[in-house]
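Report on the structure given below.
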Amino acid sequence: MTINGWIQILLFCGIVTLLVKPLGGYMTRVFNGERTLLSWIFGPVERGLYAVAGTSEREEQHWTTYAAALLFFNLAGFLLLYFLQRLQGGLPFNPAGMPAVPPELAFNTAASFMTNTNWQNYGGESTMSYLVQMAGLTVQNFVSAATGIAIAVALIRGFSRASTKSIGNFWVDLTRTTLYVLLPLCVVLTLVYVYRGMPQTLGAYVEATTLEGATQTIAVGPVASQVAIKMLGTNGGGFFNVNAAHPFENPDAISNLIQMVSIFAIGAALTNVFGRMVGNQRQGWAIFATMGVLFLAGAAVCYWAEAAGNPLVHALGLEGGNMEGKEARFGIALSALFAAVTTAASCGAVNAMHDSFTALGGLIPLINMELGEIIIGGVGAGFYGVLMFVVLAIFVAGLMVGRTPEYLGKKIEAKEVKMAVLAILCLPLAMLGFTAIATVLPDAVASTANPGPHGFSEILYAYTSAAANNGSAFGGLTGNTTWYNLTLGIAMLMGRFLVIIPALAMAGSLVGKKSVPASAGTFPTDGVLFVGLLGGVILIVGGLTFFPALAVGPIVEHFAMLLGQTF
Amino acid sequence: MSQSKTSSIMDARILIPAIGDAFRKLNPRTLARNPVMFVVAVVSALTTVLLIRDLIIGQGNIGFSFQIVIWLWFTVLFANFAEAVAEGRGKAQAESLRRTRTETQAKLLKGDDTKNYKVVPGTSLKVGDVVLVEAGDIIPSDGEVIEGVASVNEAAITGESAPVIRESGGDRSAVTGGTQVLSDWIRVRITAAAGSTFIDRMIALVEGAERQKTPNEIALNILLAGMTLIFVLATATIPSFATYAGGYIPVLILVALFVTLIPTTIGALLSAIGIAGMDRLVRFNVLAMSGRAVEAAGDVDTLLLDKTGTITLGNRQATEFKPVRGVTEQELADAAQLASLADETPEGRSIVVLAKEKYGIRARDMGSLHAHFVPFTAQSRMSGVDFDSSSIRKGAVDAVLQHVNKAALTGSGSAAAVTVHEPLAAREIQAIADDIAKAGGTPLAVVKDGRLLGVVHLKDIVKGGIRERFAELRRMGIRTVMITGDNPMTAAAIAAEAGVDDFLAQATPENKLNLIREEQAKGKLVAMCGDGTNDAPALAQADVGVAMNTGTVAAREAGNMVDLDSDPTKLIEIVEIGKQLLMTRGALTTFSIANDVAKYFAIIPAMFLAFYPQLGALNIMGLETPESAILSAIIFNALIIVALIPLSLKGVKYRPVGAGALLSRNLLIYGLGGIIVPFIGIKLIDVVITTLGLA
């Protein structure tokens with residue numbers, strides 16, 4: 001590890017922290033329907049959209065209506081994306097003449113982009129037409145992110161409102177998030193990325209003649225705009241197959257830093273939105289601090305493991321850290337940091353091959369995802385995910401102050417506990433369940449690139465990434481098979497909707513409760529104690545579930561490596 | 001109070017029957033009430049079948065398997081045992097109650113004639129029947145006194161042998177079936193049919209027969225069931241991971257891992273904690289009509305406390321003599337003492353005491369003075385003494401002034417002197433009286449032969465230590481509101497002295513009820529106690545309503561707790577017991593989940609050792625063999641249940657410090673302790689079983 005490496009990590013953390021408050025303040029105004037700087041542009045657009053949709057910003061929804069609207073919207077998006085892929089051969093904006101995408105792959109991709117996972121069982125430049133990329137994938141990049149944020153806001157309203165029935169209006173939340181938050185930030189980011197050297201064109205791939213005289217086709221396209229939303233909306237689906245390791249998708253250290261910051265920006269700011277909406281910003285900071293501690297711990301272990309490298313390689317006289325599978329432009333610190341960021345935040349963009357990380361270095365991305373993508377997490381998804389753990393932590397330990405557990409004045413009772421448990425339960429079900437089946441199916445095992453624990457990690461990582469809606473690939477695993485296309489797709493749908501429904505149900509239950517004023521007997525949830533408690537519950541409940549699986553994957557691989565054996 | 005009945009937790013009379021009950025509770029229908037332990041029982045049965053299979057075909061490590069199976073069953077039995085011990089304590093209490101419920105004969109009255117009765121069995125009485133109960137009779141069923149006064153021995157329910165007075169009308173009209181009339185006679189209208197009397201309900205309550213899961217317990221059970229499911233996933237997926245690695249893991253070991261991981265500790269002790277909470281109240285001579293009420297007590301935000309008897313001593317005491325100008329304190333004290341000599345009220349006695357202590361005025365013999373005592377009446381609102389030609393009166397200021405005016409008008413006494421002197425003195429008396437009232441006291445004017453002498457300052461004496469109790473409550477986050485019939489000025493003064501947060505002066509049943517509703521509208525939980533019929537609406541509205549046992553039937557029906565000692569101060573203890581109950585649940589849940597860390601470190605390396613020997617590095621406890629590691633974990637898991645039975649029955653100690661301090665303390669003990677203790681415990685058990693050669 002180097003001082004330089006640490007400075008870069010801390011610089012990143014500093015920028016994210018500084019953004020929390022201003023962005024949180026702006027987003028709060030947006031969700032509360034207050035006037036913002038951009039109202040004069042988007043106000044008429046917004047009202048026009050409501051008129052077309054037959055709704056109004058004053059119309060509020062019960063949680064079931066909210067959930068129904070959300071599911072309908074997502075189903076429509078899924079079908080659109082599926083048929084765009086299946087029919088792309090006959091549709092315009094297909095200069096490279098891509099044929100129709102096969103059904104299982106189209107299902108997998110549609111599920112993947114609709115759920116904000118952006119797992120890619122295809123290479124973008126060799127499978128998808130510009131039309132699919134723009135009208136299908138990029139649209140879903142926006143709306144899947146907006147969907148996640150809308151749910152988080154609805155759940156926050158569960159805490160901030162009292163004795164009422166409605167948790168907001170899905171169409172309004174969706175529209176506002178897209179128009180006021182995602183769109184303007186993406187425009188700015190796109191311009192910055194173009195300035196850093198990313199292509200942004202609808203023209204055909206470039207033919208180049210190399211020095212040896214061979215002809216090379218260089219893939220280009222509307223890269224900058226897609227990268228902007230891919231990072232900001234924690235989607236992670238790369239324009240190119242190698243994602244953010246591609247020089248066109250991540251030209252230099254500055255673009256790398258901006259990309260990492262934009263992955264965390266909205267998720268981190270949501271903690272502040274929460275604090276503001278419940279009337280005590282410290283509440284938001286406490287959750288942010290918990291996330292921060294868990295993130296830094298993960299990043300530090302990952303960086304340490306990668307910087308320490310492989311003793312077997314050292315024995316051959318090659319000193320230094322593990323550079324296998326890393327871009328020399330970014331080096332160890334930024335690759336480790338990027339891996340921690342992208343898996344903590346459910347983004348899934350990668351700038352290095354996680355498959356080539358050391359066992360412990362690869363363990364961190366796995367754990368980050370297995371905890372449920374709640375360390376900052378996917379936009380919105382991370383926040384409502386962490387609130388599930390908050391409810392659990394409050395319930396377990398809150399009793400220890402001798403009162404029925406309360407969080408922000410709302411009593412945590414059977415209904416809330418049930419919903420939190422359901423939401424938390426679905427992840428091990430999808431991650432461990434599918435891994436357990438896949439590891440005994442010869443065909444599924446055959447897709448792995450390595451034997452032994454490492455191959456196991458590849459399978460575990462795939463399902464973990466899918467169910468956590470992360471979308472990053474460990475690599476090594478050939479995912480484009482019927483089995484993986486279908487099961488990974490199902491895992492993504494489980495990991496998304498089996499959390500969303502309980503979260504909205506919880507919002508519905510909370511919003512109807514009276515708000516109990518805080519007293520000296522109330523469990524304090526804005527201090528160091530709470531940060532420790534929440535972190536502990538996340539690690540113990542989230543971590544212990546996966547301990548056996550991790551033990552026979554990266555952990556045994558690590559000990560084997562120390563004993564001189566690699567896979 | 002009958003706390004002397006308290007039996008120690010490790011009383012053989014409870015423990016031995018509990019062992020039998022532990023086996024009886026293996027009945028699947030009983031077990032099904034507790035999801036976690038039901039799952040443990042199911043997997044124990046499964047492993048037993050596997051063990052029998054292995055025995056028949058003679059394969060596997062029978063000795064090891066046998067021990068695992070035994071300890072799995074012990075886990076279930078220990079849980080049953082914990083519940084049985086908790087219930088046993090209640091049962092002992094129920095037994096003594098049942099003895100009082102002997103077959104009684106009742107004197108059923110016909111019509112209004114108090115003598116014309118027919119003797120019928122007590123069990124045949126219906127609600128609305130009127131019975132006569134005379135000295136020596138057992139009251140046949142719960143009822144309300146409609147005529148007469150009697151002293152009643154209620155030791156059967158309160159454990160207090162001093163008789164209490166029960167009379168018609170007023171707030172002491174309720175009688176309880178099974179108690180005995182000691183003197184006089186009463187006519188009682190029956191309010192409860194046989195089988196649903198107060199004692200029947202008490203028996204059902206302390207036996208736990210009517211025990212229903214409280215809201216909090218239900219939520220906790222959901223959490224525990226959820227955790228169990230999570231660990232089903234964590235363990236059920238292991239066999240395929242093992243297959244992938246080319247290994248095989250016996251079902252027995254998976255079961256062992258599973259049982260140690262699921263929250264068996266709290267699952268086993270959960271119902272015992274609930275029963276013990278109710279039991280603690282019973283020991284405190286408070287009957288909670290539901291577990292929900294006990295839980296609500298822990299959540300109380302606002303306590304409504306009656307001033308008299310709770311915050312102040314029941315009686316006012318004389319603290320000062322304040323003469324008008326021209327009269328010495330000695331003179332006033334002397335007159336006041338004379339007027340009070342024959343006054344047996346506590347106030348009167350306190351005047352005599354003060355006169356003696358402060359001015360050395362000794363008691364005088366009323367007889368030798370030819371004195372004639374004039375008692376207090378509601379009309380005159382004065383009492384006093386007449387002797388020779390003199391008369392002294394003391395009483396409420398306005399009553400005394402009226403008396404003086406009347407005397408002046410009728411011209412009795414030395415009227416001439418009075419008319420000149422008195423308007424001035426009357427104004428002065430009024431001024432002194434106002435001062436006293438402002439300070440929270442009650443002024444008592446004294447007049448001798450039509451001449452106003454001064455005022456006795458009667459003061460409400462705030463109970464010793466009550467101020468500190470309120471400060472404690474404040475630290476617990478509980479607001480105290482004093483309820484009093486006094487005027488706002490007096491109430492404010494006493495409220496300030498006692499250190500309550502707020503007061504309700506000139507309280508009426510209506511504004512009491514409104515106060516409760518207002519607090520509840522703010523999302524707060526309110527506790528109060530009361531005894532009169534007019535308290536019933538407020539008792540019913542309050543989240544925790546403690547009715548005094550001496551109170552009316554209406555009050556007892558309206559409240560969700562009954563205090564057999566009729567001691568309103570107990571409200572504070574009830575809140576603490578409620579908090580203790582919740583804390584104990586939280587502490588053991590946290591402990592139970594924190595335990596899992598060590599168990600993983602014991603079992604995972606042992607489990608995979610055959611095909612991933614590298615994982616031996618995770619055996620940080622240095623456990624001897626894979627078998628001893630697994631066995632130690634499962635033994636620890638079972639023994640910790642037994643070890644925690646005393647804590648779950650006694651409850652985690654509640655300290656009136658702020659929630660933050662309480663939480664950090666408990667997190668340290670039960671959270672961090674929960675992580676560390678099993679590492680030590682499992683290692684120790686490993687050493688023992690290795691030494692004994694068990695594995």
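Each residue, glycine too, has its Cβ placed from N, Cα and C.
Within the chain carrying the transmembrane segment (A:6-26), a Cβ under 8 angstroms from the stretch's Cβ atoms is held by residues 36, 181, 257, 260-261, 264-266, 268-273, 275-276, 284, 288, 292, 296, 299, 303, 333-334, 337, 341, all 6 or more beyond its ends. The transmembrane segment annotation in TrEMBL covers A:6-26 (among others).
If you look up TrEMBL, you'll see A:63-84 (among others) marked as transmembrane segment. Long-range contacts of the transmembrane segment (A:63-84) within its own chain (CB-CB distance under 8 A, at least 6 residues past either end) are made by residues 91, 106-107, 109-111, 113-114, 131-132, 135-137, 139-140, 143-144, 147, 150-151, 154, 167-171, 174, 497, 500-501, 504-505, 507-508, 511.
Annotation comment: TrEMBL describes A:130-156 (among others) as transmembrane segment.
The feature transmembrane segment is assigned by TrEMBL to A:177-195 (among others).
Marked as transmembrane segment by TrEMBL: A:257-274 (among others).
Beyond the ends of the transmembrane segment (A:286-308), by six or more residues, the same chain brings 1-2, 5, 9, 13, 17, 20, 268, 271-272, 274, 321-322, 332-333, 335-337, 339-341, 344, 357-361, 363-365, 367-368, 371, 374-377, 382, 386, 390, 525-527, 530-531, 534-535, 538-539 to within a C-beta distance below 8 angstroms of the stretch. For A:286-308 (among others), the entry in TrEMBL reads transmembrane segment.
If you look up TrEMBL, you'll see A:328-350 (among others) marked as transmembrane segment. Residues of the same chain lying 6 or more positions beyond the ends of the transmembrane segment (A:328-350) and with a Cβ under 8 Å from any Cβ of it are 1-2, 4-6, 8-9, 12, 116-119, 230-231, 234-238, 243-245, 247, 252-253, 256, 259-260, 263-264, 267, 291, 294-295, 298-299, 302-303, 305-307, 321-322, 357, 361, 364-366, 368-369, 373, 375-378, 381-382, 465, 468-473.
The transmembrane segment annotation in TrEMBL covers A:357-376 (among others). Sequence-distant neighbours of the transmembrane segment (A:357-376) (same chain, 6+ residues past either end, Cβ-Cβ under 8 Å): 263-264, 267-268, 291, 294-295, 298-299, 301-302, 305-306, 308-310, 322, 325, 336, 339-340, 342-346, 382, 385-386, 388-389, 424, 427, 431, 453-454, 457, 460-461, 464-465, 468-470, 472, 474, 499, 538-539, 542-543, 545-546, 550, 553-555, 557-558, 561.
Look at TrEMBL and you will find A:382-401 (among others) tagged as transmembrane segment.
Residues or ranges marked as transmembrane segment in TrEMBL: A:421-441 (among others). Residues 370, 372, 385, 388-389, 392, 456, 459-460, 463-464, 466-468, 483-484, 487-488, 490-491, 494-495, 498-499, 502-503, 541-542, 545-546, 549 of the same chain lie 6 or more positions beyond the ends of the transmembrane segment (A:421-441) yet place their CB under 8 Å from a CB of it.
Taken from TrEMBL, the feature transmembrane segment covers A:483-507 (among others). Sequence-distant contacts of the transmembrane segment (A:483-507) (same chain, six or more residues past either end, CB-CB distance under 8 Å): 63, 66-67, 70-71, 74, 104-105, 107-108, 110-112, 115-117, 119, 121, 151, 154-155, 157-158, 167, 372, 381, 384-385, 387-388, 391, 415-416, 418-420, 422-423, 426-427, 429-431, 434, 437-438, 441, 443-444, 447, 462-463, 466-469, 477.
As annotated by TrEMBL, transmembrane segment applies to A:528-551 (among others).
Residues 26-27, 30-31, 36, 38, 42, 45-46, 142-143, 145-146, 149-150, 153, 223-225, 227-229, 231-233, 255, 258, 262, 265-266 of the same chain, all 6+ positions outside the transmembrane segment (A:177-195), place their C-beta atoms under 8 angstroms from a C-beta of that stretch. Outside the transmembrane segment (A:528-551), and at least 6 residues removed from its termini, the chain residues within Cβ reach (under 8 Å) are 286-287, 289-290, 293-294, 363, 366-367, 370-372, 374, 386, 389-390, 392-393, 396-397, 424, 428, 431-432, 435, 460. Long-range contacts of the transmembrane segment (A:382-401) within the same chain: residues 148, 151-152, 155-156, 234, 267, 270-271, 274, 287, 290-291, 345-346, 372-376, 407, 412, 416-417, 419-421, 423-424, 499-500, 502-503, 506, 521-523, 525, 533-534, 536-538, 541-542, each at least 6 residues beyond the stretch ends and with a Cβ under 8 Å from a Cβ of the stretch.
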